[in-house]
Amino acid sequence: MRSFDKFKIWVLLICLVSQLGHGFYLPGSYPHKYGVGDFLNVKVNSLTSIDTELPYSYYSLPFCQPQEGVKDSAENLGELLMGDRIENSPYRFKMYTNETEIFMCQTKPLSGEEFKLLKKRIDEMYQVNLILDNLPAIRYTRKEGYFLRWTGYPVGVKVQDAYYVFNHLKFTVLVHKYEETNVARVMGTGDGSEVISTVGKGESEAPGYMVVGFEVVPCSVQHAPGLGKNLKMYNKYPTPIKCDPTTVAMAIKENEPVSFTYEVNFVESDIKWPSRWDAYLKMEGAKVHWFSILNSLMVVTFLAGIVLVIFLRTVRRDLTRYEELDKEAQAQMNEELSGWKLVVSDVFRAPSNPSLMCAMVGDGVQILGMGVVTIMFAALGFMSPASRGMLITGMLFFYMILGVASGYVAVRLWRTIYCGDHKGWVSVSWKAACFFPGIAFLILTTLNFLLWGSHSTGAIPFSLFVVLILLWFCISVPLTLVGGYFGAKAPHIEYPVRTNQIPREIPPQKYPSWLLVLGAGTLPFGTLFIELFFIMSSLWMGRVYYVFGFLLIVMILLVVVCAEVSLVLTYMHLCVEDWKWWWKSFFASGSVAIYIFLYSVNYLIFDLKSLSGPVSATLYLGYSLFMVLAIMLATGTVGFLSSFWFVHYLFSSVKLD
């Protein structure tokens with residue numbers, strides 16, 4: 001019982017620390033109680049479109065601005081990197097107070113530039129994203145008898161040659177009565193309410209509500225320009241407004257103003273606080289998603305089992321044959337057969353470009369560790385879609401911390417290759433600290449210039465560039481050097497056999513070995529291509545990705561398959577007396593990145609048909625290149641380390657003359 005109490009205390013401490021640091025967000029762990037009549041402030045996020053993938057500020061279009069002026073909300077590093085720009089809005093509600101025909105503002109007559117920009121954003125299918133109590137506005141549409149869910153609503157619509165703007169919004173806010181026990185239940189402890197601050201007895205008697213849903217219906221309503229001149233914000237509009245989403249009436253014209261209005265209706269719902277994100281996570285295609293993932297896992301497990309059984313039987317048979325024969329029979333076998341035992345004096349010969357290999361393996365360990373830890377935290381609920389930007393922020397944090405592992409692995413591998421010589425370990429550490437971040441910085445800087453030129457909110461501000469450089473050179477690089485120092489002090493891995501000074505000639509091969517290496521990436525690709533579709537849809541189609549538990553399983557299976565594929569390829573090369581296995585073992589599993597990039601191109605052509613303009617396509621391919629580079633380093637590292645262990649084990653387990 002004591003151990004269970006300690007566990008509960010640790011859970012509470014972790015949750016409280018994350019709460020104080022505004023770090024990880026557990027869906028449902030921050031229930032906000034609103035009294036009847038309390039103000040609810042709606043926020044706006046960047047305008048987004050799957051047609052261009054370029055986010056823009058909400059106030060880049062002629063919309064109504066709040067009376068107190070436009071103010072940025074608190075943002076984290078991940079939000080800025082993702083292009084989110086959350087700002088206040090003029091939409092303001094009173095809890096459980098229904099209101100209709102609320103006047104917002106009447107814009108100035110649209111200038112030629114504003115008119116052209118508004119038409120362009122409508123053509124590019126830009127969506128307006130509103131947020132209430134951390135819930136995005138959701139829109140329901142009926143198509144062929146099915147209800148479709150969308151986050152946000154379109155700026156407007158084009159009908160024939162006329163452009164119509166959605167200038168009236170009908171909001172529905174779903175609320176649930178505040179229950180004080182919700183906090184303890186969500187936090188997972190029976191006595192959590194004693195630790196977390198709660199309202200007093202006097203306050204608890206007053207009726208209170210929590211926001212559990214936020215829906216919007218956009219309408220295009222024709223307002224008389226003269227009626228809005230003398231009205232102030234939040235005044236009652238003098239004429240009734242009928243919101244019919246099936247018809248449009250407010251056509252935009254140059255040198256004519258646009259009036260904006262809204263209405264809000266509060267509905268009490270049975271939805272509990274922890275379940276309020278279910279409407280966003282249960283997007284269309286969820287059943288197909290789960291079935292496809294399960295099917296993929298079964299196929300991959302079956303293939304991995306076959307590879308493992310064949311591999312173990314083959315190696316054990318060879319070891320048994322070599323060890324049971326006497327010396328004369330072994331010599332005769334060596335003359336008749338060409339096998340892995342013939343390259344015993346060359347198998348541990350240093351590869352070409354050893355410092356580059358050490359740096360790439362070190363970076364691969366860092367990226368793989370970051371991915372595993374981040375997905376584990378996300379699967380536990382600490383980085384849910386409700387917490388904007390936390391996934392990217394967590395990835396950056398874990399990547400920097402794991403610089404220690406990168407430096408350690410890179411330098412220890414360097415010392416192993418040179419049989420314990422620690423000279424040059426500082427140079428290897430610097431290469432490990434700068435290889436992948438340097439390439440990533442070059443790619444992202446080039447793409448950022450394109451975003452700057454397009455005036456998109458997706459562009460990283462110059463101040464954030466400075467912050468990223470400081471994080472790189474003030475945290476990541478020093479930690480990598482510290483890891484390299486420990487790697488230089490750690491004992492190197494001793495080879496079980498000696499290496500001759502003169503390298504053995506590799507016999508001519510019947511087929512190019514690199515062709516087999518490139519083809520080996522198909523099996524790892526088969527483990528993740530279904531999951532990859534949903535990840536790509538989340539990144540580029542605006543869908544919510546949330547099944548991190550399945551992603552963790554797929555990642556573990558991917559690591560297993562990469563290791564097995566690399567082991568088989570290494571063994572096959574040794575059997576044909578090809579002792580240059582170092583780089584081939586790396587790229588045997590790392591070649592999965594080639595197929596992922598080809599899949600990305602296929603996704604661009606067939607799934608992102610509406611992606612318009614060279615800038616959008618360049619951004620897509622640039623980010624895809626960045627992604628596949630990281631995957632290549634991570635999967636290649638898995639293949640190399642597993643092959644190194646296998647070769648070391650193989651030649652230390654057999655009797656050598």
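Yeah, the Cβs are placed from backbone N, Cα and C, and that goes for glycine too.
Unlike curated entries, TrEMBL annotations are predicted automatically.
Feature list (source: TrEMBL):
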type	residues	note
SIGNAL	1-23	signal peptide
TRANSMEM	290-312	transmembrane segment
TRANSMEM	365-384	transmembrane segment
TRANSMEM	390-411	transmembrane segment
TRANSMEM	432-452	transmembrane segment
TRANSMEM	464-488	transmembrane segment
TRANSMEM	514-540	transmembrane segment
TRANSMEM	546-569	transmembrane segment
TRANSMEM	581-605	transmembrane segment
TRANSMEM	625-651	transmembrane segment
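Contact check: the transmembrane segment (581-605) against the transmembrane segment (514-540) gives at least three Cβ pairs closer than 8 Å, residues 6 or more apart, which meets the contact criterion. When each of the listed stretches 365-384, 390-411, 432-452, 546-569 is scored by C-beta pairs under 8 angstroms to the transmembrane segment (464-488), 390-411 comes out highest. The transmembrane segment (432-452) shares the most Cβ pairs under 8 Å with 625-651, out of the stretches 365-384, 390-411, 546-569, 625-651.
Comparison of 390-411, 546-569, 625-651 by number of C-beta pairs under 8 angstroms to the transmembrane segment (365-384) places 390-411 first.
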